[in-house]
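Structure first, commentary second.
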Amino acid sequence: MPSIQPLPVGVGYGVVVGIGFFFAAVMCGISYIQNRYTRFSTKTSEEFNTASRSVKPGLIASGIVSAWTWAATLLQSSTVAYEYGVAGPFWYAAGATVQILMFSILACKVKQNAPRCHTYLEIIYTRYGVLTHWVFIFFALLTNVLVSSQLLLGGSAVVTSLTGMNVYAAIFLIPLGVCVYVVLGGLRATFLCDYSHTLILMVIILYFMFSAYATNSQIGSPSAMYQLLKQAALKRPVSGNQDGSYVTMKSNFALIFGVIQLCSGSGTVFLDQAYWQRAIASRPTTAVRAYILGGLAWYAIPFGFATTLGLAAVALTDSPTFPTYPNSMTQAQVSAGLSAPFAATALLGTGGAVALLIVLFMAVTSCASAELIAVSSILTFDIFKTYIKPAATPEQLITVAHIMIGVWGLVMAIVACIWNVIGIDLGWLFLVMGLLIGGAVFPAAFAITWKGQTKAGALSGAVSGLCAGLIAWLVTAHQYYGSLSVSTTGMEYPTLAGNLAAIMVGLIVTVAVSLAKPEPFDWDTTRLINAPPPLITTPSSGSIDKEENEKDDPNQNSNLPTVRDEEREMREDELAVEEPRKLRRAFKVACIASFLLTLSMDFLIPIPMFLSQYIFSQGFFIAWVVITFCWVFCSTAISVILPLWETAGFFRDLYREVVRGERVGR
Ligand SMILES: NC(N)=O
């Protein structure tokens, strides 16, 4: 791949290895504090994989933001901004936010119908048995392998392009530090590292935004950006956009991209254990709030980043500071996701390149940590515990979970190498992913939301969706372009056809087959997943026996104020779980909020702007940029300030315990 290197190779190794191991050291410290001063020990399997189902909504929202922020969220969103103008970031963000909002419905249903599951595949196994379980394990792991390898593909392309670091070294070294810190900390500590990654991400996005729209000598204001985009449209008009303009929502290819994004994002959220794991880790009463907040906060990341760097790449292409000057970017560079790194370098020189490298590394590692622990849970609970050793002890489960994190780190690196060797880039993989997994989206979602779905419906929906997606994709590529190659199969129309066919056939077949031969089902079956045996006094009985609890407490610290607060919250959570009707209100909120927000983001705002063929005036563009800034600030408040505010009491108690050695409750 063509590369232009503003940074020395040592910076590449420094960021990839140095920051990775810095976070591993931070994780050691966090795990020590957690084991010493909280009720939750990282040495127990339940805590390692589910964070004891006790995480508050701000931290869950921050974890959702960080898991859903891929390398592509920064790179591909900037690519579509570079290719389609303002409509690209809009559709990237709107097309991939709605799935997180919709997932709030599933999060609530998990708490109501399977409150003690570790993975969504346990629900499939309990409802539909072994064959369907294996089919959905296939779709789940396919989703994880696509997402994980795509992270490394995009991340390594940029590291190599900016520093000249060997691409294969980058692919293997990026996950190394992440594996170490996930093994050390488990899910809860991963949330805390995710939080710090999100904080850095937000600061750097704001750094780029203020540079491009306020201080930079080459652009420096929304009106200067507007004028530069107008000039760019005269030299390089956008095909399919109204008058070739970069500042219009009337963009045919951006709309097509938005539809692909909607389909593919549905697969990569609904079939990725990482998002179920965040729902499972949530406190039952706040899971819905966490997903709505997480979705709204995430929207600002691709929207703010690409409205800045993607458009800056268009505006600065003819500037001597642009790395490819006097040429434009080649198609290979665009598809590899290099418009954002080139724009950062053109805007801010070496500082911009370093900031871009760091923000990208944060995105890749925080999402990789979510993928590692998600896959480790599937391999541990759905394969090892279900089929290899059903009587496994918690110690054996946690050992397997640790080993599987290493195994998956290796798998993701090997698959990313394969993509590199056969010439698959980020852009191709991004458009094709959804059609491979889309068939299983509705069958998986219905497994927890619709008691009318049958085993035959789930199985036939997923498999026929996959077949339909593959056929529609390949036939359309052949019909339109006369041959099947990496280039023709990565074009907009074939990938659109494949994505739509997979998801719609999956939906229609699962509903039709289930309704054709209904089978009775009661959610009590799934509510029993991992339920404690009767007659044993546990916190879930609603009456915590303090002595028993202290004996079981692996940290032996139950007289600490921090621990007493945690126990009180656990009692409240157990009551909510025992009485699922209490979650009905949350379910209503999830349905109303997610449908209204989806309707606004994907229809009421963009479609009239598309149909009216409106080209932004300078004033409208300025307002657009102001809204972008406001959204990024709100997102920072949700994902950075809210978790701090929620845990202020815990940190106050912790301070007293650590500094004053206090051990009695208030
Ligand atoms: N997570 C995404 N689709 O950027």
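In case you wondered, yes, glycine gets a Cβ from its N, Cα and C as well.
Because TrEMBL annotations are produced automatically, they should be read as predictions rather than curated entries.
The feature transmembrane segment is assigned by TrEMBL to 12-33, 90-108, 167-187, 199-219, 253-271, 291-316, 354-379, 400-422, 457-476, 496-516, 589-615, 621-645 (among others). If you look up TrEMBL, you'll see 532-573 marked as region 'Disordered'. Annotated compositional bias 'Basic and acidic residues' per TrEMBL: 544-554, 563-573, in sequence order.
Long-range contacts of the transmembrane segment (457-476) within the same chain: residues 124, 127-128, 131-132, 135-136, 139, 432, 435-444, 446-447, 484, 489, 493-495, 497-507, 509-514, each at least 6 residues beyond the stretch ends and with a Cβ under 8 Å from a Cβ of the stretch.
Between the transmembrane segment (90-108) and the transmembrane segment (496-516) there are fewer than 3 Cβ pairs closer than 8 Å, counting only residues 6 or more apart in sequence, so the two stretches are not in contact.
Long-range contacts of the transmembrane segment (621-645) within its own chain (CB-CB distance under 8 A, at least 6 residues past either end) are made by residues 56-59, 61-62, 65, 86, 195, 198-199, 202, 205-206, 209, 213, 222-223, 225-226, 247, 293-294, 296-301, 303-304, 307-308. As a quick check, the transmembrane segment (496-516) and the transmembrane segment (253-271) clear the bar of 3 or more Cβ pairs under 8 A, pairs 6 or more apart, so the two touch. Within the chain, the transmembrane segment (291-316) has long-range Cβ neighbours (under 8 A, six or more residues past its boundaries) at 57-58, 60-65, 68-69, 73-74, 77-82, 85-86, 88-90, 92-94, 96-98, 100-101, 103-104, 107, 201, 205, 208-209, 212-213, 218-219, 225, 228-229, 232, 236, 246, 278-279, 322, 329, 339-340, 342-344, 346-347, 589-590, 593-594, 597, 601, 624-625, 628-629, 631-632, 634-635, 638-639, 642. Within the chain carrying the transmembrane segment (589-615), a Cβ under 8 angstroms from the stretch's Cβ atoms is held by residues 87, 90-91, 94-95, 97-98, 101-102, 104-105, 107-108, 242-243, 245, 247-251, 255, 258, 262, 288, 291-292, 295-296, 299, all 6 or more beyond its ends. Beyond the transmembrane segment (199-219), the same-chain residues lying 6 or more positions past its ends with a Cβ under 8 Å from any Cβ of the stretch are 66, 69, 225, 228, 301, 304-305, 308-309, 311-312, 315-316, 319, 321, 344, 346-348, 352, 355-356, 358-359, 362-363, 625, 628-629, 632, 635-636, 639-640.
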